[in-house]
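Dumping what TrEMBL says about this protein:
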REGION    1-21  region 'Disordered'
DOMAIN    25-370  domain 'Acyltransferase 3'
TRANSMEM  63-84  transmembrane segment
TRANSMEM  105-125  transmembrane segment
TRANSMEM  156-176  transmembrane segment
TRANSMEM  188-209  transmembrane segment
TRANSMEM  215-237  transmembrane segment
TRANSMEM  249-269  transmembrane segment
TRANSMEM  281-302  transmembrane segment
TRANSMEM  323-342  transmembrane segment
TRANSMEM  354-378  transmembrane segment
REGION    399-419  region 'Disordered'
Amino acid sequence: MTAAGRRADGPAGTRGTGEEAGHIPALDGVRGLAILVVVCVHTGFGARPEGAAGLAVQRLFSAGWAGVDLFFVMSGMLITGILLDTRRSAGYFRSFYARRTLRIFPLYYLALLVMLVMLPASGLLGSASGSHEGGPWVWAYLLNVKVVLSPGREVVPFYIFPFWSLSVEEQFYLVWPLLVWLVPRRPLAWVAGGMIAAALLLRVALVAATGTSDAPYVLTVARMDALAVGALIAIALRGPGGLARWKRFAPAVLAGCTAAVLALMARAGSADNHTPEMQTAGYTLVALACGALLVMVLAAGPSHPLTRVFSRRELRYLGARSYGVYVWHVLTLFIILRLRVLPRLLGVEPTSPVHQALMACLVLAASLAVSEASWRLVEQPFLKLKRYVPRPEARGAEAIPAAGLPGGRDGGRPLVQPR
């Protein structure tokens with residue numbers, strides 16, 4: 001399967017839960033929604049629905065690639081918030097990169113060890129896990145670059161392809177902390193706005209020059225608009241009045257951008273994310289819609305319906321394990337398809353209208369089991385090492401004031417990335 005055939009993979013710059021200062025539980029629920037729709041879209045691999053019902057499910061699930069953008073926007077908001085709150089503190093760079101390394105690297109490199117070393121050596125998955133030219137690029141967080149340099153070729157086993165989004169985030173955060181450190185808060189908002197415009201213009205130029213391809217989808221400079229939307233939210237949270245003005249317009253922005261995206265999909269005749277419509281204006285519109293949703297969740301009071309929905313235990317748990325689910329779910333899907341679990345156990349063939357929905361449930365359950373194991377055995381032990389590199393105390397006027405969120409929910413403390 002080529003990269004173009006795997007168009008719904010996405011990021012997982014995610015974190016666990018924790019009742020830390022300023023932590024808003026509903027944000028875990030938003031993460032849960034993001035990983036849920038990503039899993040749903042990927043379960044279309046191998047499905048061949050027949051009939052109107054099956055095709056309707058497939059078309060609905062095919063829009064799940066937007067979960068990628070939701071992850072990007074959340075990551076941009078939460079990481080930028082940490083950087084703004086600590087940039088005047090000693091140990092700013094050391095703390096940020098050390099803590100990020102402890103959170104991201106252990107699971108990432110464990111997964112690569114399993115997928116690129118152990119599985120090929122075992123022969124359990126046959127040729128599907130064989131050698132691929134992109135291996136060294138994945139180890140260096142450069143999979144997205146290799147995909148662009150090798151169009152039409154399968155540079156890694158398809159169950160590793162989702163790691164392109166992790167490459168996007170790590171590349172972005174090599175540069176962004178320095179910009180946050182150098183640029184004052186208000187000019188930084190203009191920088192973020194310029195990044196949104198630049199990403200959009202770059203994608204338009206790429207599509208005009210080469211047609212649709214993987215480049216507008218996977219290159220960091222072409223996808224930084226979603227991260228920058230999140231950064232703008234973090235900057236606004238720390239400004240005078242917090243999100244007071246933004247929350248008034250957020251519902252209209254969400255509705256308008258969603259309507260525009262649906263119109264683009266109708267024009268393209270597909271919800272696929274590799275159409276010219278999506279690769280130009282579509283990605284930015286989706287990012288703005290995701291940003292508006294986050295503003296609404298942040299601005300919602302404890303009794304607001306959004307807060308109640310996204311604070312549900314099930315969604316919060318899914319969000320807390322979303323990084324692990326993201327890393328393991330495509331490999332899990334591949335194994336389930338290879339073993340023909342649904343046809344053998346339930347008699348459900350890929351042509352069945354319920355195949356994709358059942359597959360989504362099965363993959364989600366299996367991925368959660370694997371991610372829970374990797375969380376307890378690998379991630380948690382490394383996270384305990386964070387006590388040796390504590391996050392610097394927020395200094396200056398940029399920590400979120402008590403008025404930054406409704407009802408002073410943050411107690412005047414910075415909104416932090418959990419764990």
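Any Cβ shown, glycine's included, is placed from N, Cα and C.
Whatever TrEMBL says is automated annotation, not expert-curated.
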Average pLDDT across the domain 'Acyltransferase 3' (25-370)?
92
Residues of the same chain, at least six outside the transmembrane segment (215-237), with any C-beta under 8 angstroms of its C-beta?
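For the transmembrane segment (215-237), the nonlocal Cβ contacts are 3, 7, 69, 72-81, 84, 144-145, 147-148, 164-165, 167-169, 171-172, 176, 185, 188-189, 192-193, 195-196, 198-200, 202-203, 206-207, 243, 246, 273-274, 279-280, 283-284, 286-288, 290-291, 294-295, 298, 400, 404-405, 415.
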Is the number of Cβ-Cβ pairs under 8 Å between the transmembrane segment (105-125) and the transmembrane segment (156-176) three or more, considering only pairs separated by 6 or more positions?
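Yes, these stretches are in contact.
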